[in-house]
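Enquirer: Sharing a structure, written as structure tokens. Questions coming.
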Amino acid sequence: MIVTAPGYHVPVLLKESVDGLQINPEGIYVDVTFGGGGHSREILSRLGSKGHLYSFDQDADAEQNIPADEQRFTFVRSNFRYLRNWMRYYGVEGIDGLLADLGVSSHHFDDESRGFSFRFDAPLDMRMNERDGLTAADVCNRYSEEELARLFWLYGELKNGRRLANTIVRGRADHPIATVNDLITLVRPLIGANREKKDMAKVFQALRIEVNHEMEALHDMLDAAISCLKPSGRLVVLTYHSLEDRMVKNYMRSGNAEGKVEEDFFGNRLSPLRPVNNKVIIPDTDEQERNPRSRSAKLRIAEKVELE
Ligand SMILES: C[S@@+](CC[C@H](N)C(=O)[O-])C[C@H]1O[C@@H](n2cnc3c(N)ncnc32)[C@H](O)[C@@H]1O
């Protein structure tokens, strides 16, 4: 039976993603995005007494979902970009599979106090790890117009990124941006009423990705995953926007973010990973209806190749 943390987060493509790990009951697995623990609990349900699961989350709130399974489960309160160091710390020489379910959880969007959602007024924070780094308000107040335009364009895919950036820079000169409502008041006039929800979500997504350095962390984690996986070990990744999906796709095909495939003298491909599903897996209409937050999900699976 599949058990999930009620109210915290509904896991996406739960069966398909955990099936993708091809679990060996005695193997060592890593869930780098523990959240509500839905995927972790499903992995644990398929492990025997000698298997082990290490689950990462940088957000303290996730700790409330830690299962009582000390023998087979270790929670790592850290950014997943430090995966390799943590595996070394725990004396793990190779892992049989890694699952990543990227981004934030429903808990983040539903928490009225953390500034992830434009539905609630709160300090404009958006840090998953509240112990570290710039808040979204700091980004809005300190970044240059050029830097703001780049992040709205790149991480929000907003065509009017330049105008948004210019409006923020002019607005903050009168009144520093501190809260969700400060930001909404400034940018709302630039967003068409018929697209308000969609475009506001993109503005917030862009800031969240920047605040949490999500692309850089993903890059570092994928490099670390390649070096930690045993031959035939599985890499399973769920993404929610096109930039991160492109990076995952490139890594799975070529072992690097650029998608550049190295070849040996004879023209054989030298990629450390082999995609298992050439066609991306997405939630069916039933899951999309049950869980609207699954709508943008894309699942990719790859296997570590033993290079000679
Ligand atoms: C989409 S949720 C995962 C939900 C989980 N699969 C479940 O079934 O409940 C993503 C989680 O990963 C965490 N996270 C995102 N980026 C992270 C990073 N770079 N390092 C550690 N945790 C991260 C977030 O705090 C969030 O709790």
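Numbering starts at 1 and runs along the chain as it is shown here.
Every residue gets a Cβ built from N, Cα and C, even glycine.
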Enquirer: Which candidate from Phe80, Phe152, Phe265 does TrEMBL annotate alongside Gly37, Gly38, His39, Asp57, Asp101, His108 at the S-adenosyl-L-methionine binding site?
Expert: Phe80
Enquirer: Over all pairs within Gly37, Gly38, His39, Asp57, Phe80, Asp101, His108, the annotated S-adenosyl-L-methionine binders, what is the largest Cα to Cα distance, rounded to whole Å?
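Expert: Roughly 18 Å, rounded to the nearest whole number.
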Enquirer: With Cβ-Cβ distance below 8 Å and at least 6 positions apart along the chain, what are the contacts of Phe80 (S-adenosyl-L-methionine binding site)? List them in sequence order.
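Expert: Those within reach of Phe80 (S-adenosyl-L-methionine binding site), by Cβ under 8 Å and sequence separation of 6 or more, are Val32, Thr33, Phe56, Gln58, Ala100, Ala217, Met221.
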Enquirer: Work through the binding-site residues one by one (His39, His108) and point out the residue whose CB has the fewest other CB atoms within 10 angstroms.
Expert: His108
Enquirer: Quick one: give me the count of other CB atoms within 10 A of the CB of Asp101 (S-adenosyl-L-methionine binding site).
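Expert: 26, counting other Cβ atoms within 10 Å of Asp101 (S-adenosyl-L-methionine binding site).
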